[in-house]
Amino acid sequence: MKKTIAVLPGDGIGPEVVKAALKVLDQIAEQYQHQFEYRYADIGGIAIDLHQTPLPQRTLDTCRQSDAILLGAVGGPKWDQLPSHMRPEKGLLQLRKSLQLFANLRPVTCYESLLEASPLKPERIKGVDFVIVRELTGGIYFGEPRERRYDNDEELAIDTLTYTRKEIERIVRKGFELAQVRRKKVTSVDKANVLESSRLWREVVDEVAKEYPEVSYEHMLVDNAAMQLIRQPTYFDVMVTENMFGDILSDEASMLTGSLGMLPSASLSAIGPSLYEPIHGSAPDIAGENKANPLATISSLAMMLKYEFGLEEEAEALDEAIESVLKKGIRTADLASAGVEYHSTEAVTNEVIEQLSSIRV
Ligand code: NAD
Ligand code: IPM
Ligand code: MN
């Protein structure tokens, strides 16, 4: 198979984890006789530095002309004081909007060998396997008006949370479709006791649910959901929710697996190529130290192989290789217990490659 991949390393640990993931993908290409062409492009802080904009037109064009997109992370203290339209994060948000990457799938699975790495008790997280389906191109991230102004002498800031019925419908449908091929249970998370947008959300969920009679579903308020994730995480199968709730709940959920550095994601497009990225950020506190956990990005590649290219065997081999590495006790600092030896980004990556190459094709 021959595919082109737009590669957007971004900032901080972004370039480190992307480099690691592509080294692994090179191994997949060799082992399974595929050709992956990488087309590098700038986004975020690096793009601001080089092109005075967080999302250059060339980057957008490169993404549109590729079969899939791999992204590291954007942002960092260097760009934190810039006006909002010039922030690195704006580049990512514009990319999501431009390519209509409306469905962000964030699977949360606990590896057996990492049960001890989570701050939660092992018996509580054993068997955790759910997916957060996060709406990614609407809600308070994009609503207008969005401004700062003075009302008489009072300084104020406005953000707007808007959802159209159509936007809710398409993401909820994704949730139900996914549940159909999983354990057939949807938990729709909202704040319908306060927000009008959540009340519309609930109505739409009730309607869409009728089309999927074999899937059971429920509504859950987001504050309760945040608590239930810790109390009984094995309860969940598919959690579908709006943009900001999904952002927050997925960082929380990542700790069930032991580290934010473990969670991959796929942002599926309504119109063109989809984007694959770890859920974590640019981690400025460890950038440049060869310390970042590359597994979230490597797992994101596994999602790309499976969802975008239909390469199930390759994706499975990758998951298996990751599991073997963890089983051997090889892990980056974020997953290691205090006082226990840990491995560098590169060392973990090389181990994944080593494990991959021992899988017979
Ligand atoms: P972060 O996710 O970058 O880091 C939070 C904590 O988790 C840090 O202590 C970090 O060291 C650790 N961490 C994150 N990824 C890790 C990995 N792979 N391996 C080991 N440890 C890891 O969140 P933050 O510190 O709140 O944000 C830093 C910057 O990243 C901000 O500019 C933010 O806007 C940006 N950000 C970008 C994305 C993205 O590009 N998708 C996502 C989240 C945050
Ligand atoms: C994420 C990040 C982004 C988000 C930021 C960087 C805009 O936190 O991908 O989870 O909030 O969506
Ligand atoms: Mn986030």
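Each Cβ is built from the backbone N, Cα and C atoms, and glycine gets one as well.
Remember, it's a predicted structure, so these values are computed and weren't measured experimentally.
Noted in TrEMBL for the protein shown:
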DOMAIN    4-352  domain 'Isopropylmalate dehydrogenase-like'
BINDING   76-89, 281-293  NAD(+) binding site
BINDING   ARG96, ARG106, ARG134, ASP223  substrate binding site
SITE      TYR141  site 'Important for catalysis'
SITE      LYS191  site 'Important for catalysis'
BINDING   ASP223, ASP247, ASP251  Mg(2+) binding site
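Features as recorded by TrEMBL, highlighted on the structure.
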{"residue": "SER84", "record": "NAD(+) binding site", "DSSP class": "helix"}
{"residue": "ARG96", "record": "substrate binding site", "DSSP class": "helix"}
{"residue": "ARG106", "record": "substrate binding site", "DSSP class": "strand"}
{"residue": "ARG134", "record": "substrate binding site", "DSSP class": "strand"}
{"residue": "ASP223", "record": "substrate binding site", "DSSP class": "helix"}
{"residue": "ASP247", "record": "Mg(2+) binding site", "DSSP class": "helix"}
{"residue": "ALA287", "record": "NAD(+) binding site", "DSSP class": "coil"}
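Remark: of the binding-site residues ASP80, ASP247, the most isolated position is ASP80 (fewest other Cβ atoms within 10 Å of its Cβ).
Taking SER84, TYR141, ALA287 as the candidate recorded positions, the subset whose CB lies under 6 angstroms from any atom of ligand 1 is empty. Summarising model confidence by region, the domain 'Isopropylmalate dehydrogenase-like' (4-352) averages a pLDDT of 97.
Between ASP251 (Mg(2+) binding site) and ARG106 (substrate binding site), the C-alpha separation comes to 10 Å. Cβ neighbours of ARG96 (substrate binding site) (same chain, under 8 Å, six or more residues apart in sequence): LEU136, THR137, SER267, LEU275.
The 10 Å shell around the Cβ of GLY76 (NAD(+) binding site) contains 21 further Cβ atoms across the protein chains shown. Taken in sequence order, the recorded positions GLY76, TYR141, ASP223, ASP247 that lie near ligand 3, meaning a CB under 6 Å from one of its atoms, are ASP247. Ligand 2 lies under 6 Å from the Cβ of ASP247, out of the binding-site residues PRO88, ASP223, ASP247, ASP251, ALA287. Note: SER84 (NAD(+) binding site) has non-local neighbours LYS90, i.e. same-chain residues 6+ apart with C-beta under 8 A of its own C-beta.
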